[in-house]
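Chemist: Below is the structure I would like to discuss, written out as structure tokens.
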Amino acid sequence: MRHLSHFWDCNLNTRTDLTMGTQDSGRKRLPNRERLTAEDDALNVIAREAEARLAAKRAARAEAREIRMKELEKQQNEGTHKITETVTFLVTRWTRFDCIPSPMSLVFMYTLRWVCIFFFNIFSLMQSDCEGSQRSQSCKMSIAPTMMYKVNIQYVFLQGSRASTLASLSRASSRRGSGDASTWADSEASVREMKDALAEAEEKYRKAMVSNAQLDNEKSKLMYQVDVLKDSLMELEEQLSESRREYEEKVKEFEREKHAHGILKFQFSEMKEMLQQSEELLTEIRQLRLKQDGYVREIQDLHETLEWKDKKIGALERQKEYSDAVQNERDDLRDEVLQLRDILKKHGIVLGPDLNANGETGAVIDRLTDADSAQDSQTAHTGGDSVLEIRLRKLVDEREGLVEQVKRLKAQLDQKHNRTEESAAPDEGALENGTDPHILDIQRDANRHISELKFKLVKSEQEVTALEQNVTRLEGQVTRYKSAAENAEKVEDELKAEKRKMQRELRGALDRIDELEASNSHLSKRLEKMKANRSAMLAQQ
């Protein structure tokens, strides 16, 4: 019995060490020393709530465990009290039995003792089955009174059997002081056999108790492992639910980001179309600038033509002055010719109207008429030219004709001076000057054309200013569109980076879910295996 009590004390110590070791070895959470963001704060709050729920569940399980332990102790105390009462009643009855002990009575007493031990073992097995769902602490609390109860029963049976044997022997010796030697020898041999059987039965009982204690220890260890695995399974289920919730949140956030990406993509397409329109406007602006440059060149050409016209008009005015001077000189020469005719008439020399001293005046007049007819035909053929150019050509031709006429007249005057006796008056029709109204018409046309060109110049300058304003406005729109497009591209790049990050997190969450599911299936398989082992052990017992 001492060996059994020492074995149970060692077993209890080892189990307490195991429980303390398992309690000390827990999951430690290292503090996050990095800077927490809003998402990390939210995740920490969720983790704290989950830990609080887990702690509440553990507290509820511990309270329920304590209540079950109290009820089991109460039932155990009631059962042990009843069994002790019955056993003490039977033992006292057999100890007070006054008849002579016989081998049958002793066999009956030992049979009754082993029957009581058998029922007590059944009761202990039922108690261990009831305690199967408890932790190691409950097992430690229930084993000590059970063993004490077993020791008390064995002690009572031994004491009762010894007392009954001694009493019966004393009574038999007192009543039969001179009994048969054969009867005494038989009774002594039967007592020895019974003692040997009792020692053998005690040894078997001791071995059975040791094996039962070992099995009980293994059972308690397995039950504790089952409880630990249940706790870990619950934690894994909570983590799985948390990861699923995070996965759903990530999926929703991914959908929102996808919708925002679609909106930004649509805005980007609109911006792209606007950029295309702006590029088209820029091409139009370039074309307008080219047209503007063409207009500027035309205006410069018009300025040059106006300057040339002004110079031409100045030359014509100078030519008019010169022609006026020539006309005055011609008039003077005509007067002088008339005077010379009169002098020739006085001398008796008469000249015809178409004759000259050298026959050159008629040729000059014919040349002038031919030039006028040629100019008229040229004007008829070149109807597409401008009137101003035609008139200018006419004036130039007339000027050249007049210059030639003046030269010829000077030559005639020289000849007349050389020939003082012979002179010929030039034809009056050839010397008539009809260029004054023609020059005035040319001047009026030139002035009108100049005014028209000035009006066109002002109008073209106004168009140029309007085009420059449009160009500046379109350039401002282009810069705005470019800045908006750059901002849209930046936002798109940021969204793409965020999308890649979300996809990485989603893949990580899916991998974590797969790992948790695999660990959950592994733990469930282990739990089923342990349940099968437990059922097999119970079936063997």
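Quick reminder: no glycine exception, Cβ is built from N, Cα and C everywhere.
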Chemist: Name the residue range among 316-343, 428-455, 456-483 that TrEMBL annotates as coiled coil.
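Modeler: Within the set 316-343, 428-455, 456-483, TrEMBL attaches coiled coil to 316-343.
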Chemist: Scan 254-277, 350-373, 518-541 against TrEMBL and say which stretch is down as region 'Disordered'.
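Modeler: Within the set 254-277, 350-373, 518-541, TrEMBL attaches region 'Disordered' to 518-541.
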Chemist: State the residues, same chain only, that lie 6 or more residues beyond the ends of the region 'Disordered' (518-541) and have a CB under 8 A from a CB inside it; answer 'none' if no residue qualifies.
Modeler: 125, 129, 132, 215, 219, 222, 225-226, 229-230, 232-233, 236-237, 240
